[in-house]
Amino acid sequence: MVSVTHCDSLWFGADIITMRGGNYQLIPQGAIAVTGDKIVWIGPHAELPPIHAARQVVYEGGLITPGLIDCHTHLVFGGDRSNEFEQRLNGVSYAEIAANGGGIISTVRATRQASEQQLLEQALFRLKPLLAEGVTTIEIKSGYGLNLESEIKMLRVARRLGELLPIDVKTTCLAAHALPPEFIGQPDDYIDVVCNSIIPQVAVENLADAVDAFCEHLAFSPAQVERVFLAAQKAGLPVKLHAEQLSALRGATLAAKFHAISADHLEYATESDVQAMAKAGTVAVLLPGAYYLLRETQCPPIDLFRQYKVPMALASDANPGTSPVLSLRLMLNMACTLFRMTPEEALAGVTCHAAQALGVQQTQGTLETGKLANWVHWPLSHPAELAYWLGGQLPATVVFRGEVRP
C-alpha cells in the first residue's frame with residue numbers, strides 16, 4: 001500500500017462494507033482517508049498510519065456502504081400512464097395496450113410535445129427520491145423520442161441532470177426502443193434512421209455513453225438489433241440490450257456476441273444464453289420492478305447465473321409504463337423475495353455489479369484505495385437490513401466525491 005501522510009478528510013467511527021469481490025468484506029470500525037474526490041486509504045481505524053487530515057468526521061456507529069448505483073432507468077419522459085396501471089389490473093396485457101396505441105407510443109407522443117425545460121423539471125422531480133436513498137450514479141436512457149430531434153432532446157436533458165445535481169449520470173441511446181407511428185409496417189426503414197442518422201449524431205455530440213435496443217416480438221428482431229449494434233461499434237460506443245423479457249429470442253446470446261456490457265430483464269434467458277454471457281463478460285441486469293408490475297411468473301434463471309458466475313446487477317427500471325419505481329432499495333427486497341437472491345447478492349447488484357453494467361467498475365462500485373469517495377452511511381447494524389426493511393430509515397449521510405451531499 002502506498003504511504004499516505006496527508007489527506008483532505010478522514011472519516012471513521014462506523015463499520016465499512018466494501019463490496020470488494022461482490023461480498024460484504026466487512027471492515028469493523030473502519031476509517032477512510034480522502035484527498036480530492038478519491039479514497040487514498042481505507043482499513044481498520046486501529047491500523048490507521050500517521051495521517052494529517054485537514055478535516056475529521058466521526059460517525060457514531062452505523063454502516064458505510066458504497067454509493068448505490070441505479071444502472072437501468074428511463075427517467076426522462078413526458079406524460080403520464082397511470083391509466084394503463086388500471087387497465088392491466090382489469091386484465092389487459094402489456095402487448096394489447098401497445099397494440100391499441102398505448103404503451104411506449106403514448107409516451108413518445110407526450111415526450112415529443114414537451115419542451116426540454118418541461119422534461120428537465122419532470123425528471124428532476126423523479127430523480128430526487130433516488131438521491132435521497134443514497135444513489136450516487138444513475139443510468140438514464142432515451143427511447144421515447146424515436147426521431148433525431150427528440151432523442152437528442154432527451155439525452156441533453158439527462159446530461160443536464162448530472163450538471164444540476166450531485167450525481168454521476170451515464171446516458172444511453174435507446175432509439176431502437178419501439179417503432180414510431182410514422183414507421184408502422186416499416187421497421188427496417190426505421191432501423192436505417194437509427195443506424196445512419198441518430199446514432200452517428202448522438203456520438204458526434206457526445207450525448208451517449210452506450211447504445212441499447214429492445215429485442216422482443218413487439219419491438220425489434222435480432223437481425224434488426226444486430227444492425228444497431230454494428231452502427232454503435234462504428235460510432236465507438238459500447239452496447240447493452242433489453243433481452244428475453246417476454247419471450248426467448250436469443251437476444252442475450254446476440255448481446256454476448258457483441259460483448260455487450262449488459263443484457264437486461266432476462267426472464268426467458270436459456271442456459272446457452274447464460275453461457276454466452278459468461279464467456280463475454282456481460283452483466284445480467286435484473287429488473288424486479290417490471291416483473292412485479294407486469295405480474296410475470298417466469299423468473300430470471302438466477303441459479304444459472306450463479307452456476308456460470310455471471311454478475312447480477314439490479315436496477316429500478318424507472319419508467320412510466322411497466323416500472324413506475326422511484327426506490328432502488330425496494331428493488332433489493334423484491335430481488336430477494338421474488339427472485340430468491342441473497343441480501344449480499346442484492347447489495348452487490350446495486351454497487352459493484354451495477355458499476356460493471358455501466359463500465360465504471362474501475363472507479364466506482366466498491367470502497368477501496370483509488371476509487372471515487374462515494375458512500376452512504378446508514379443507521380443500521382447489519383447490511384441485510386437494507387434488503388429486509390420495506391421503506392423506513394433513509395441514509396444518515398451520503399458522501400459524493402468526498403463531500404457530504406446536501
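Glycine is treated like the rest: Cβ placed from N, Cα and C.
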- Note on the structure: For the N-formimidoyl-L-glutamate site that Swiss-Prot gives as N319, G321, the extra residue out of Y59, Y144, Y190 is Y144
- Query: Looking at Swiss-Prot, which one out of H6, H242 binds Fe(3+) in the same site as H72, H74, D317?
  - Reply: H242
- Query: What does Swiss-Prot list, out of R81, R227, R340, as binding the same 4-imidazolone-5-propanoate as Y144, H177, Q245, T322?
  - Reply: R81
- Message: Taking only C-alpha atoms and a 10 A limit, tell me which of R81, Y144, H242, Q245 are near G321 (N-formimidoyl-L-glutamate binding site). These are the binding-site residues.
- Response: R81
- Task: Taking only the Cα atoms, work out how far H72 (Fe(3+) binding site) lies from Y144 (4-imidazolone-5-propanoate binding site), in Å, as a whole number.
- Result: 15
- Using only the Cα atoms of Y144, N319, G321, which the record gives as binding N-formimidoyl-L-glutamate, return the largest interatomic distance in Å, rounded to a whole number. 12
- Query: Considering only the binding-site residues H74, D317, N319, which residue has the minimal Cα-Cα separation from Q245 (4-imidazolone-5-propanoate binding site)?
  - Reply: D317
- Message: Cα-Cα, whole number of Å: H74 (Fe(3+) binding site) versus N319 (N-formimidoyl-L-glutamate binding site)?
- Response: 5
- Item | Neighbourhood of R81 (4-imidazolone-5-propanoate binding site) by C-beta distance under 8 A, where only residues 6 or more apart in the same chain count | G102, G103, S106, T107, P320, G321, P324
